[in-house]
Amino acid sequence: MRVKEPSKALPEKAKRNKRPAIPRDEDSSDDIPVGFTCQHISHAISVNHVKKAIAENVWSVCSECLKERRFCDGQPVLPSDVWLCLKCGFQGCGRNSENHHSLRHYKSRRTESHCITISLSTWVIWCYECDEKLSTHCNKKVLAQTVDFLQKHVSKTQTSAFSRILKLCEEKCETGEKKGRKGSSVTAVKGISNLGNTCFFNAVMQNLAQSYILMELMNENKENGTKLKIFPPSDSQLDPLIVELSSPGPLTSALFLFLHSMKETEKGPLSPKVLFNQLCQKAPRFKSFQQQDSQELLHYLLDAVRTEETKRIQASILKAFNNPTTKTADEDTRKKVKVLTSQNA
């Protein structure tokens, strides 16, 4: 019988005990998350304060700029670079803005530190004390939990707003029809605030707002739970399929909300910030807020909306076949999904 030599086993055991506990991805045995570990997270984050603040304030708008009511050429100046304090939920413009309200908020004298902020457009997390970008993988769980809550809040806000606008629009359409018969109703045209040099974007949106066919098509894209009957090609030998759609994508929801807001009777210009930020997520080339070609913007906008709707329909078809993703479906099901999706792309 072979006996293990202690001289070989003990050094390995001792070496293993000295290794620091490094969090690893469950899907990889070799990849180690790389990032900066911040010592301020324990006392610079408060989920409860953040939840309370975002429930009471306008989302993704600098609180101080809103109070100052600054105007330029008759348009309200609201910076697009907004950061949220993870200690109290204060929303302030970033370092690239004129007033640096987020940085000023951090520098204000307080008993507790308000040094950790997050960008509401890019989700970059920054610690002013460390002057470093933070990662959710290399810091305490409370950071990841707070970021996850904020991202889910954006999604829920858009979905609920989409539902409310649908109901309001249906009521207003009925009222408008009655007024239209009497010839006393005229559709008002609202102004759109500039977000830097975004006249090219505003021009496109003014035209889309007057495209009644587009409005009718978007009205058909109802909220979560809408039934859609898909008719396959005659040569496919497939039967028609009724699917239940999920909620529209974030860009589609923002476009729907904006176009219907253009029809509202309230006075004053309309801010396109939410819609423009969603478009920049799909096409980062527009993030510079500089002049761009209107035709290119229209192409990117409609193409991104079409992509969201195609994915939405594909997901609904997969669900009808009891498959959550194309990866889990068999070859025959994938072929059927491809044919049915192409009919509604």
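Every residue, even glycine, has its Cβ placed from backbone N, Cα and C.
All annotation found in TrEMBL is predicted automatically rather than curated by experts.
For 1-14, the entry in TrEMBL reads compositional bias 'Basic and acidic residues'. The annotation domain 'UBP-type' is assigned in TrEMBL to 36-153. Positions annotated as domain 'USP' by TrEMBL: 190-345. Annotated region 'Disordered' per TrEMBL: 1-30, 325-345, in sequence order.
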If you average per-residue pLDDT over the domain 'UBP-type' (36-153), what number do you get? 84
Provide the three-state DSSP residue tally for the region 'Disordered' (325-345): helix first, then strand, then coil. 13 helix, 0 strand, 8 coil
